[in-house]
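Structure record follows, encoded as C-alpha cells.
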Amino acid sequence: MGKEKTHINIVVIGHVDSGKSTTTGHLIYKCGGIDKRTIEKFEKEAAEMGKGSFKYAWVLDKLKAERERGITIDISLWKFETSKYYVTIIDAPGHRDFIKNMITGTSQADCAVLIVAAGVGEFEAGISKNGQTREHALLAYTLGVKQLIVGVNKMDSTEPPYSQKRYEEIVKEVSTYIKKIGYNPDTVAFVPISGWNGDNMLEPSANMPWFKGWKVTRKDGNASGTTLLEALDCILPPTRPTDKPLRLPLQDVYKIGGIGTVPVGRVETGVLKPGMVVTFAPVNVTTEVKSVEMHHEALSEALPGDNVGFKVKNVSVKDVRRGNVAGDSKNDPPMEAAGFTAQVIILNHPGQISAGYAPVLDCHMAHIACKFAELKEKIDRRSGKKLEDGPKFLKSGDAAIVDMVPGKPMCVESFSDYPPLGRFAVRDMRQTVAVGVIKAVDKKAAGAGKVTKSAQKAQKAK
C-alpha cells in the first residue's frame with residue numbers, strides 16, 4: 001500500500017443546471033468508491049426508467065435521495081482518489097441545507113470547485129445578479145475556503161461545439177467576478193470540460209486541441225496540467241491545527257451503563273488525551289478524561305478531524321450537553337461568551353433587519369437565539385471597507401459589523417483563533433437568512449465552576 005494518501009475535502013458549487021451532479025458523479029464513478037455491481041444496478045434502473053442518457057448524475061441523485069431521507073449511506077460513495085489525495089465531497093448544493101451545512105459543517109472544505117455551464121445562454125443565467133453561483137462563491141470565500149478551481153462545463157454544447165472563443169469569453173467573465181469576491185484568478189485553475197462526455201475530466205480531450213492546459217501561480221508553488229483531476233491533485237494540502245489549544249464541540253452526551261457519562265464530538269483543534277483535565281463551557285464544569293475512544297477502540301490521543309467519545313468521571317448527563325465545548329483546563333480553556341462582534345452578510349431576508357432582531361444562530365453544534373444588539377457599520381462585502389456608521393437597518397445583500405448577545409449561555413470563539421467555532425448561520429423562517437464570522441468575543445469572567453473530585457486529584461498528582 002505504501003504511505004496513506006492525505007485526505008482533503010472539496011465542496012462543489014455552481015448554478016442548478018451547470019452540470020454539477022454529472023461532473024461530480026463522473027469523478028466518483030471513474031475514480032471512486034462505487035463498486036461495479038452498484039453501477040450496473042444503477043444503469044439498469046436508469047435504462048428501465050428511460051433515463052439512458054443519465055449515467056453520472058443518476059449516481060448522485062440516488063445518493064442524494066438516500067441522504068435526504070436520512071438513510072445513512074456508505075459514505076465511501078462520496079469519495080474518490082487522485083494520485084495524491086483521498087477526496088471527500090462534503091456537500092453538493094441543491095441539498096436543502098447546503099448553506100447551513102457549509103457553515104456548521106462537520107468539516108471545512110479545503111477547496112471549492114465552481115462549475116459553470118458554457119452552453120448558449122446557460123452561463124449568463126447562472127452568473128446573473130440572482131444566480132446562486134455568486135452566493136455560493138461568496139459564501140465559500142467568506143467561510144475561509146481560499147482555494148478555487150473552475151470547471152467550464154458542457155463544452156460539447158457550445159456553438160459551435162468545443163468553441164475556444166466561448167471558453168475564453170467565459171474565463172474572462174468569471175475571472176472578473178471571482179476577483180470581486182476576493183479570489184486571485186492567477187491562483188485558480190480554469191479547465192474546459194464535459195462532465196457528460198468526459199472531456200478533460202481524467203484524460204486530455206482530443207476535441208479541444210487549442211487548449212494548452214491550465215496554470216496557477218502562487219507563492220506556495222506553481223502548478224500546471226490539463227485535466228480537472230490534475231487540478232484537484234494540485235490543491236495545497238491543509239494544515240491540521242494540532243498546535244492550537246483543544247476545542248471539541250459536543251454533538252451528544254451519552255450515559256452508558258457500567259461506564260458512566262460519555263460526551264461525543266469532533267476534535268476541531270488541539271489534541272485530546274486520557275488523563276487530561278478538561279473544562280466544558282459555557283457550563284463551567286471541569287473534570288478528568290478517563291479514556292478516549294474512536295470506533296470502539298481506545299486511543300492514546302485524538303487529533304483534529306477525529307470523531308470521538310470520551311469517558312469523564314463525576315459528571316452527570318445533566319451537567320453537560322450538545323453545543324457545549326470541551327477544552328484543556330490549563331491551556332486557554334473555553335469560556336462563556338457574554339457577547340461578540342461579527343461580520344455578517346445578509347443573504348435572503350424579505351424585509352429589513354434592525355437592532356433588536358433575535359433569530360437563531362447555528363454555530364458549531366450550538367443552536368441558540370442571539371440578538372443583534374447594535375449595527376455598528378455597513379461595509380463593502382469584498383474589501384471590508386466601511387461604507388457607513390451605525391446603519392438603521394440591513395437588507396439582503398448587505399454586509400455589516402454587528403454586536404450580538406446570546407439569549408442563553410453559549411461558547412463561541414473568534415474565527416481567526418478557532419475557525420470552526422467562529423462561523424455561523426443565522427436561521428429564521430426555516431431558511432438561512434445570513435452568515436457570519438466572529439471577529440472578537442467578550443468572554444464572561446467565570447466564577448467558581450464545578451470542579452470534580454477526579455479533576456482535583458489529577459491536578460494534585462501533576
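Each Cβ is built from the backbone N, Cα and C atoms, and glycine gets one as well.
Since this is a predicted model, take the numbers as computed values, not measurements.
Here the domain 'tr-type G' (5-242) returns a mean pLDDT of 80 for the predicted model. Taken from Swiss-Prot, the feature domain 'tr-type G' covers 5-242.
According to DSSP, LYS165 (N6-acetyllysine) is assigned to a helical segment. Residues annotated as N6-acetyllysine in Swiss-Prot, with similarity to another entry given as evidence: LYS165 (among others).
Shown in sequence order, the list is empty: the chain has no residue 6+ apart in sequence with a C-beta less than 8 angstroms from the C-beta of LYS165 (N6-acetyllysine). If you look up Swiss-Prot, you'll see LYS165 marked as N6,N6,N6-trimethyllysine, on the strength of experimental evidence.
Annotated N6-methyllysine per Swiss-Prot: LYS165, in sequence order, evidence recorded as experimental evidence.
Around LYS172 (N6-acetyllysine), no same-chain residue at least 6 positions away in sequence has a Cβ under 8 Å from its Cβ. Summarising the annotation, Swiss-Prot assigns N6-acetyllysine to LYS172 (among others).
Neighbour density for LYS273 (N6-acetyllysine): within 10 A of its CB lie 15 other CB atoms from the protein chains shown. The N6-acetyllysine annotation in Swiss-Prot covers LYS273 (among others) and rests on similarity to another entry.
The 5-glutamyl glycerylphosphorylethanolamine annotation in Swiss-Prot covers GLU301 (among others). The Cβ of GLU301 (5-glutamyl glycerylphosphorylethanolamine) lies under 8 Å from the Cβ of VAL271, LEU272, LYS273, VAL292, each of which sits 6+ residues away along the same chain.
A strand conformation is recorded for GLU374 (5-glutamyl glycerylphosphorylethanolamine) in the three-state DSSP classification. Taken from Swiss-Prot, the feature 5-glutamyl glycerylphosphorylethanolamine covers GLU374 (among others), and the record attributes it to similarity to another entry.
The number of other Cβ atoms within 10 Å of the Cβ belonging to LYS392 (N6-acetyllysine), over all protein chains shown, comes to 10. For the recorded site, LYS392 (N6-acetyllysine), the DSSP three-state label reads coil. Sequence annotations record features per position, and here Swiss-Prot assigns N6-acetyllysine to LYS392 (among others) based on similarity to another entry.
Around the Cβ of LYS439 (N6-acetyllysine), a 10 Å sphere holds 15 further Cβ atoms from the protein chains shown. Under the heading N6-acetyllysine, Swiss-Prot lists LYS439 (among others), citing similarity to another entry as support.
Feature annotation from Swiss-Prot assigns region 'G1' to 14-21.
If you look up Swiss-Prot, you'll see 70-74 marked as region 'G2', on the strength of similarity to another entry.
What Swiss-Prot records for 91-94 is region 'G3', and it gives similarity to another entry as the kind of evidence.
The annotation region 'G4' is assigned in Swiss-Prot to 153-156.
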Give me the long-range Cβ neighbours of GLU374 (5-glutamyl glycerylphosphorylethanolamine): same chain, 6+ apart, Cβ under 8 Å, in sequence order.
ALA355, GLY390, VAL402, ASP403
Assigned conformation of LYS273 (N6-acetyllysine) - DSSP reduced to three states:
coil
Counting each residue once, how many in the region 'G4' (153-156) are helix, strand and coil under DSSP?
2 helix, 1 strand, 1 coil
Composition by DSSP (helix, strand, coil) of residues within the region 'G1' (14-21):
2 helix, 0 strand, 6 coil
Which whole-number value in Å describes the distance between the Cα atoms of LYS439 (N6-acetyllysine) and LYS392 (N6-acetyllysine)?
21
